[in-house]
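Visitor: This structure is in structure tokens; I'll ask about it shortly.
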Amino acid sequence: MLRVVSWNINGIRSPLQGVVCQEPNNCAATTLGRLLDELDADIVCFQETKVTRDVLTEPLAIVEGYNSYFSFSRNRSGYSGVATFCKDSATPVAAEEGLSGLLATQNGDVGCYGSMDEFTQEELRALDSEGRALLTQHKIRTWGGQERTLTLINVYCPHADPGKPERLAFKMHFYRLLQMRAEALLAAGSHVIILGDLNTAHRPIDHWDAVNMECFEEDPGRKWMDGLLSVLGCQAGAHVGPFIDSYRCFQPKKEGAFTCWSAVSGARHLNYGSRLDYVLGDRALVIDTFQDSFLLPEVMGSDHCPVGAVLSVSSVPTKQCPPLCTRFLPEFAGTQLKILHFLVRLEQDAVFGQSALQLSNQTRVQTLQNKACARSTRPRPSQPGSSRGQKNLMSYFQPSSSRPQASPDLELPSLMGSLVTPVTTEEEAAAKVVEVQAKASEAKYEKEVRTLCWKSVLGGPSPMPLCWGHGEPCVIRTVKKPGPNLGRCFYMCARPRGPPTDPSSRCNFFLWRRPS
């Protein structure tokens, strides 16, 4: 049996906290290895890894018993990215990054690209620049003893932001390129499995709130999936696509089978989500070899849950991993790099070098002229008798003649003695007590004033209002959508989002917060 699992991990370094590690150090290698062991699959495909090559560490890249393959985003750090981990017993014969073939190294690649004339080179580079596709090709053996080729396409399809129409066009181009590559592999005689986050809920049964969504069936992504997929047992004359949704093949009418929930609204608690993750197999492969297709909603650590399938075939491993394997990267291969590896040669023609030299000489001459001019115009110190000359430090210190001198004939002791009345010891003690009490009272008053002042400034948060549906304290949220209310705060029900018919879900309470 061959078991494959796909999971949008939402950052390969973050969901590891969802796995309980018994070791006190809880190192990344041990935790990721434990995660792979719990998924218990021969091939594990991760999406949205959010790592680039410069931040990929060896514990995340190399796990004992597995060989891994990564595709990184080349535009942004901490964005997108996919990775495939294969057990040593399921080592692929070829691996390739991207769908267009522009990232292929011609050594250990999958090949079979088909005709991509409808795309320009710039469009193909843009589609492959975000690290959204990774192909691994395996040798499998059926129960009848026949060896076949199986290609897994691990994809993280783009999300179409309603406020950015160019992203919808990008998403549809990516869909088109994915289908062209998959069909080219099928035409070459390979079985194909497309698995990952397709970022589209295909049918109304795959989305909780599809009834209230406008033009649900008219979405371009759903129309594309209609053309790609076929349904077993469909009526005569209906469209038959090259692929089958394996989960709906085994669970055609199961409701609430979701794989993605909003983490902000806590929708997973009430299973208020959608099914965006799929395992799609070509028709012959699904009909002949698929034994099961499943969801794993109990696995936490991401806003998605893993999905997978079981095939009645066995993997035929190869002795050598493809060159794309991360263990062959120079930073993990144990080979020392030369400093020249990090430098880039700048090729300049003679004319450019000569002009640069002339410019440098002109700049140097101009700098010397400016310095000489500055020396000639700098004011020089004047002679000792001049008023503009540098003064001595002692010139700023002069004896003062305005201070009245004490008269030598005035006898202060006798004068003070005739004016001051002698004070007794009891009076001195009473005066000290009164003075201490006055100071203490003054300090207490000043402390009270300061306390009242700070309380008026830092009065603390006002009590949360109670929602109308449950009479419970609300939570405060901030508007992040661009518009006139950007940055404003409001109160809403603290319960998780759920269906409107469920009384335990969030009510419709809403209240703007008054500006302080």
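The backbone N, Cα and C atoms fix where each Cβ goes, and this holds for glycine too.
Heads up, here are the entries from TrEMBL:
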BINDING   Asn8, Glu48, Asp197, Asn199, Asp303, His304  Mg(2+) binding site
ACT_SITE  Tyr156  active site
ACT_SITE  Asp197  active site, proton donor/acceptor
SITE      Asp277  site 'Important for catalytic activity'
ACT_SITE  His304  active site, proton acceptor
COMPBIAS  379-405  compositional bias 'Polar residues'
Visitor: Neighbour count first, Cβ atoms within 10 Å, every protein chain included; then name which of Asn8, Asn199 tops the list of binding-site residues.
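Guide: Max Cβ neighbours within 10 Å, all protein chains included: Asn8.
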Visitor: I need the most crowded of these recorded positions: Glu48, Asp197, Asp277, Asp303. Count other C-beta atoms within 10 angstroms of each C-beta and give me the top one.
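Guide: Ranked by Cβ atoms within 10 Å, first place goes to Asp197.
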Visitor: Within 10 Å of Asp277 (site 'Important for catalytic activity'), Cα to Cα, which of the binding-site residues Asn8, Glu48, Asp197, Asp303, His304 are there?
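Guide: The binding-site residues passing the 10 Å Cα test are Asn8, Asp197, His304.
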Visitor: At a 10 Å cut-off from the C-beta of His304 (Mg(2+) binding site), count the other C-beta atoms across all protein chains.
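Guide: So the Cβ neighbour count for His304 (Mg(2+) binding site) comes to 25.
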Visitor: Using the Cβ center of Asn8, Glu48, Asp197, Asn199, Asp303, His304 as the Mg(2+) site position, which other residues in that chain lie within 8 Å, going by their Cβ?
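Guide: Apart from the listed residues, the neighbours are Asn10, Gln47, Tyr156, Cys260, Leu276, Asp277, Ser302.
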Visitor: Within the chain of Tyr156 (active site), which residues six or more apart in sequence place their C-beta under 8 angstroms from its C-beta?
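Guide: Listed in sequence order: Asn8, Gln47, Glu48, Ser80, Gly81, Val82, Gly131, Arg132, Ala133, Gly196, Asp197.
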